[in-house]
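Step one of this worksheet: look at the structure below.
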Amino acid sequence: MAEPWGNELASAAARGDLEQLTSLLQNNVNVNAQNGFGRTALQVMKLGNPEIARRLLLRGANPDLKDRTGFAVIHDAARAGFLDTLQTLLEFQADVNIEDNEGNLPLHLAAKEGHLRVVEFLVKHTASNVGHRNHKGDTACDLARLYGRNEVVSLMQANGAGGATNLQ
């Protein structure tokens, strides 16, 4: 069951409707209210719209809340390659080393999907644990190698993040 205003807030965020979102937020609604699917507005927001994220975060949205599948918004942004949204989340103290249900960090997901700019940012400009192994024992570089993301592998190796691998 949805919490009060959860559906409306999530719907506005998912559509990227900044006007409706702002109007709802002015009514002091619970910014972490869940919709009927158990997800918050931040979790369903249009990822390519960092201003939606910024508005929600300014009102106190928790960037580290996980959905039922174990993903926080930073996992979604990294996996989908939305660097601008990922940077906005980090500005508001999202945990760059938060694990999903499989032990993957945002870096693992970006590397697996081949999002070179996201991987580069995470490796060079954050405290992302590049040597972290997921529950299967794979590092982000292992996943990049496994999925044929050769540019990502080269970038990680050039920045000292290629280390020991399960795949050798």
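In case you wondered, yes, glycine gets a Cβ from its N, Cα and C as well.
Database features (Swiss-Prot):
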- 4-33: repeat 'ANK 1' (REPEAT)
- 37-65: repeat 'ANK 2' (REPEAT)
- 69-98: repeat 'ANK 3' (REPEAT)
- 102-132: repeat 'ANK 4' (REPEAT)
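Outside the repeat 'ANK 3' (69-98), and at least 6 residues removed from its termini, the chain residues within Cβ reach (under 8 Å) are 42-43, 45, 47-50, 53-54, 57, 63, 104-107, 109-110, 112-113, 115, 117-118, 121-122, 126-129, 132. The residues of the repeat 'ANK 3' (69-98), classed with DSSP into helix (H, G, I), strand (E, B) and coil, number 17 helix, 0 strand, 13 coil. Residue counts for the repeat 'ANK 4' (102-132) by DSSP state, with H, G and I taken as helix and E and B as strand, are 18 helix, 0 strand, 13 coil.
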